[in-house]
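Worksheet: the structure to be examined is printed underneath.
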There are 2 protein chains.
Amino acid sequence: MGGFKMDEQYLKSIQQQLHQAGFKLTPQREATVCSLIENEEGHLSAEEVYMRVKEKSPDIGLATVYRTLEILSELKILDKVSFTDGLIRYDLRREGSQHHFHHHLLCTQCGKIQEVHEDLLLDVERVVEQQFHFQVTDHKLTFQGICMDCQRKNREQQQKQ
Amino acid sequence: MGGFKMDEQYLKSIQQQLHQAGFKLTPQREATVCSLIENEEGHLSAEEVYMRVKEKSPDIGLATVYRTLEILSELKILDKVSFTDGLIRYDLRREGSQHHFHHHLLCTQCGKIQEVHEDLLLDVERVVEQQFHFQVTDHKLTFQGICMDCQRKNREQQQKQ
DNA sequence: ATCCGTGCAAAATCTTTGCATCTCG
DNA sequence: CGAGATGCAAAGATTTTGCACGGAT
């Protein structure tokens, strides 16, 4: 919506999923979904989504945002994630409900979170199924470490000294 | 400590780590650590730890349990984890801070959580480091799916019908 | 008219903090 | 003895819920 490009296709697809599940496409829900798409990979908390939605639709209530996020989670359009602070954050599941959730790389130095959409766990899941007889349906994987930028900064810092 | 076997060695090691980090060895802290060891793989919440500690040491306060859990987390004796409910749960890190955190298998049918102490991510970490230039220091991996017991139950259920 | 959705405010949870007192080392 | 730890209660923070009203079919 706003100035920069909005993934209309994706928005429509989500609206369709809401509709097919019997939910109405209210302005509040549309505004919430738009904010999520505009901040894709932003890993926003409920409060952060609320603040962004409120810029465009000032009359919306925080409870409505919570209720919408809950619906979107149930429909597997979103996944709830949580990193360093205890806050629940919401992450669009672009891969769809039929694929496994994407991975995250969390930099413990700058806090940045990078997404990995390639599924790196196919082999590991085979081991889990064969060795532990556990039938995998999904996964959540986060690597903690130092991102490329911080590695570079750290090297530069060392050279100065 | 109570009726069943208590891992004295592990308790001592944790007390030593507390001591070396400059913390006092109070009865409350000992009771908290004991409850955690007795309920290893229990993935207890703060409230659940509190209730268990209170059985042995009725005068302890919930705030003290929170403060102790926070200290143990900082010392990497515990890891905070979170599964289906939003609650923060505490998981003893037996592998120590020098190894990567163990994996979890969460059964979405019965809610049981199984631990996998073998590190299945060595190859994947190599890919992450080479392909994404991300220097991995730790990871958190949870598989969702159906545990062996539920698979069996489901098969038996199907045969009846 | 009916059903669903909404905003507001209150309630419910979970967690942290301030402070007087106590205790380990 | 003194710094750190504790218990209690109060405050904070986050999330859920109750309820009357509103809007679309």
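Placement of Cβ uses the backbone N, Cα and C atoms for every residue, glycine included.
Listed in TrEMBL:
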- B:C107, B:C110, B:C147, B:C150: Zn(2+) binding site (BINDING)
- B:H139: Fe cation binding site (BINDING)
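When Cα-Cα distances from B:H139 (Fe cation binding site) are compared across the binding-site residues B:C107, B:C110, B:C147, B:C150, the shortest belongs to B:C107. Candidate binding-site residues: B:C107, B:C110, B:C147, B:C150. Fewest other C-beta atoms within 10 angstroms, B:C110. Taking the mean position of the Cβ atoms of B:C107, B:C110, B:C147, B:C150 as the Zn(2+) site, the remaining residues of that chain whose Cβ falls within 8 Å of it are B:T108, B:Q109, B:G111, B:K112, B:I146, B:M148, B:D149, B:Q151. Annotation note: B:H139 (Fe cation binding site) sits in a strand segment as assigned by DSSP.
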